[in-house]
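For reference, the structure discussed in these notes is given below.
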Amino acid sequence: MTKTLTIRRPDDWHLHLRDGAMLRAVLPETTAHFARAIIMPNLVPPVVTFAQAQDYHARILAALPEGAEFTPLMTLYLTEDTDPDDVAAAHANGLVHAVKLYPAGATTNSASGVANFDNIRAVLERMAEIGLPLCVHGEVTDDDIDIFDREAVFIDRVLDPIRQATPGLRVVMEHITTRNAVDYATAQDDTLGATITTHHLVINRNHILAGGIKPHYYCLPVAKREEHRLALRAAATSGDARFFLGTDSAPHTDANKLLPCGCAGCFTATNTMSILAHVFEEEQALERLEGFASLHGPAFYRLPANEARLTLTKTPATFPSHIETEDGPVTVFDPGFVPNWTVV
């Protein structure tokens, strides 16, 4: 029986750090285990321009714990007014590694997102030319589309037409939640990748709604039926390089979660690696954890894999129920079981 597991230090290809007091509180939870992360730009106001990305990058570096070795990989928030030349300059500088597409109104702080996709055609064409990936929150926001169907409809109505109209555009389907997304991704070439979160490997929609509503399991895209969770687990543990870790760790204070209209997001930075090792062991795929967490993402983003290592031991993991911030506590994601693996 395996007692220890050593892998290349993992990266998080979808992370929310927020800003200010929240940034200072949650950043150490990520730097404890991860070497790099794709940083989401949905602040208020959003990180739209190269200059704004430079400023946010500086704030992240200033908040790093002493001795931390961590590289924030910045993104720009795509709007219908985004300047293709600004995007190209940000990419050429090496600071910005992706542009993020939020359909207007799809998730937290997405009001500035895209409503008319024809208005971003020039930006997407420039991105295809320079090889800059587009990270996509893949949900339509039409009121007449059921929330559990919005990812599947987005693939047909928006994503596939964008890819057909922009040959060579490199796209990351972020935080996929459906068998539809898994099937679409596995049928594509290497210009398409897909991130899978920790929590979507663990929970289905029953965990949110059955036996009383569980606000701390509410996220967007919302967790789906069990058949979709199982499809995600199969994809994540398959060894297919199209699939890689993006936690979508999304901290909100409890005061902002426990409301009549509470915020969406699960905070998983603290215990992701322990949970993933547990899940991969359940799927008899521990040897593929390194690929999912440490190798597939860098390969897609054309970056070297980390040389540093992370070691886990086969001992039950303990972690706090909350972390404290200046604005109040943030609940750490509870997988509903004690993970069998602990990060050394």
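Cβ coordinates come from backbone N, Cα and C, glycine included.
Residues or ranges marked as Zn(2+) 1 binding site by Swiss-Prot: His14, His16, Lys100, Asp248. Residues annotated as substrate binding site in Swiss-Prot, with sequence analysis given as evidence: His16, Leu17, Arg18, Asn42, His137, Leu220, His252, Ala264. If you look up Swiss-Prot, you'll see Lys100, His137, His175 marked as Zn(2+) 2 binding site. The N6-carboxylysine annotation in Swiss-Prot covers Lys100. Summarising the annotation, Swiss-Prot assigns active site to Asp248 and lists sequence analysis as the type of evidence.
Features as recorded by Swiss-Prot, highlighted on the structure.
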| residue | record | DSSP (3 states) |
| --- | --- | --- |
| His14 | Zn(2+) 1 binding site | strand |
| Asn42 | substrate binding site | coil |
| Lys100 | Zn(2+) 1 binding site | strand |
| His175 | Zn(2+) 2 binding site | coil |
| Leu220 | substrate binding site | coil |
| Asp248 | Zn(2+) 1 binding site | coil |
| Ala264 | substrate binding site | coil |
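Within 10 Å of Leu220 (substrate binding site), judged by CA to CA distance, lie the following binding-site residues from the set His14, His16, Lys100, His175: His175. Leu17 (substrate binding site) has a Cβ environment of 25 other Cβ atoms inside 10 Å. If you check the binding-site residues His14, His16, Lys100, His175 against His137 (substrate binding site), the ones with a Cα inside 10 Å of its Cα are Lys100, His175.
Inclusion criterion for the binding-site residues Asn42, His175, His252, Ala264: a C-alpha placed within 10 angstroms of the C-alpha of His14 (Zn(2+) 1 binding site); this criterion is met by His175. Note: the Cα of His175 (Zn(2+) 2 binding site) and the Cα of Asp248 (Zn(2+) 1 binding site) are spaced 7 Å from each other. For the pair Lys100 (Zn(2+) 1 binding site) and Asn42 (substrate binding site), the Cα-Cα distance reads 9 Å.
Across His16, Leu17, Arg18, Asn42, His137, Leu220, His252, Ala264, which the record gives as binding substrate, the greatest C-alpha separation is 19 Å. Within the set of binding-site residues (Asp248, Ala264), the lowest number of other Cβ atoms found within 10 Å of a Cβ is recorded at Ala264. When the Cα atoms are compared, Asp248 (Zn(2+) 1 binding site) and Asn42 (substrate binding site) turn out to be 12 Å apart. Asn42 (substrate binding site) and His16 (Zn(2+) 1 binding site) are 8 Å apart (CA-CA, integer value). Look at His137 (substrate binding site): DSSP puts it in coil. The C-beta environment of His252 (substrate binding site), restricted to residues of the same chain at least 6 apart in sequence and closer than 8 Å, consists of Gly262, Cys263, Gly265, Phe267, Val330.
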